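These notes concern the structure reproduced below.
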Amino acid sequence: AFLSMLMLLCAFPLSNAAGRLREFHLLNKMNINEALETCKTKYTNIVTVYENEDNEELIKHVKGRDAPSALIGANTNNTNYRSKWSNGDDVIFTSFTENCTGICGAAMRSNGSWELLPHTETKYFMCYDEGVDRASHDYSLIHLNKTWTAAQLYCRRHHTDLVSITNEQENERVKNQTKDREFPFWIGLLHDNIEWADRGKSAYRNYSSKPGQGKFTILTVLTNDWQLRGSGSFAVLCYKSLIHVSEAKLSWEGAVDYCNASGLLRIESKDDQIETERELRKENISEPVWIGLRQSRLFGFWMWVNGLHVGPWTNWKGGRQPEHQISHHCGVMEKVDGTFKWTDKDCRYRFRVVCEAK
């Protein structure tokens with residue numbers, strides 16, 4: 001019965017930092033179980049916060065509705081500590097042996113091994129700027145003493161993110177950027193027991209230095225941070241994803257039919273790309289997926305299924321689009337060295353499909 005009485009306080013698009021493919025919805029105060037159920041049945045889920053720009057936008061809208069706080073999707077799990085990279089990369093390589101409790105970041109020692117330290121400690125840190133592939137990333141050691149979360153914020157604002165490391169060779173490259181006196185320094189690995197309700201891979205945290213106790217997380221307007229709660233009634237922040245991934249594997253023509261009126265996904269900007277990657281990582285999809293890319297067989301240029309030319313922003317594998325005559329005519333997004341890139345595939349191949357939802 002509570003669903004029929006529910007009032008939508010407001011619905012607003014995500015900030016520019018996240019693009020056009022996700023909407024936030026702020027709902028009236030309700031208990032936590034009702035909140036979780038409502039977000040999943042009426043929308044996609046309770047919100048995952050991926051970056052500071054999201055957090056600021058959420059606080060602004062909660063404040064605008066005179067709500068003191070709102071429930072978000074971060075939960076603590078006291079027995080399940082996991083590592084995650086700040087940029088969302090899969091954790092396939094680590095170089096530490098000890099464990100820690102609470103929210104910890106990884107710092108690199110002078111011998112290339114890592115140590116887990118409380119994220120509130122201050123250290124130098126390593127940012128990276130994304131290249132066309134992992135081998136062309138540029139690394140920058142920042143000579144400022146910051147906490148892990150402040151270092152993350154700095155790297156995302158001035159570079160791409162805190163550095164991630166996926167093998168021994170990358171670990172050696174990062175180590176060799178520095179001099180002995182500059183160790184240990186933060187890298188992009190976070191180790192904690194925070195999980196998101198929708199299985200999102202966000203490593204953004206904004207907890208108060210004294211967050212309280214409980215499994216659930218609220219965003220508080222007065223202090224501009226997050227607190228833990230065990231129970232209670234709160235306004236709730238849900239989101240609706242405008243990305244749909246099929247379960248079935250289809251040819252490209254089958255993909256066009258499957259997506260129907262809403263269409264295969266088109267990626268117009270870096271923001272669209274990031275939001276799509278978040279969705280694929282959340283679902284643990286690593287194989288190629290069809291997106292709305294196709295090539296003119298006559299002229300060789302690439303376009304989206306709605307007829308728009310591709311660009312100016314692109315994300316081609318190797319930094320350049322497949323050449324006419326030697327390419328296949330349909331486009332996928334696939335993981336290349338852990339990074340999602342666009343490339344061409346035979347249109348008869350069968351992959352899962354990414355549609356735009358309405």
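Each Cβ is built from the backbone N, Cα and C atoms, and glycine gets one as well.
The signal peptide feature in TrEMBL is assigned to 1-17.
As annotated by TrEMBL, domain 'C-type lectin' applies to 33-128 (among others). Restricting the average to the domain 'C-type lectin' (33-128) gives a pLDDT of 94.
Residues or ranges marked as domain 'C-type lectin' in TrEMBL: 134-227 (among others). In terms of DSSP helix, strand and coil, the domain 'C-type lectin' (134-227) has 25 helix, 31 strand, 38 coil.
Annotation source TrEMBL lists domain 'C-type lectin' at 234-356 (among others). In terms of DSSP secondary structure, the domain 'C-type lectin' (234-356) contains 27 helix, 45 strand, 51 coil.
Mapped onto DSSP helix, strand and coil, the domain 'C-type lectin' (33-128) counts 23 helix, 30 strand, 43 coil.
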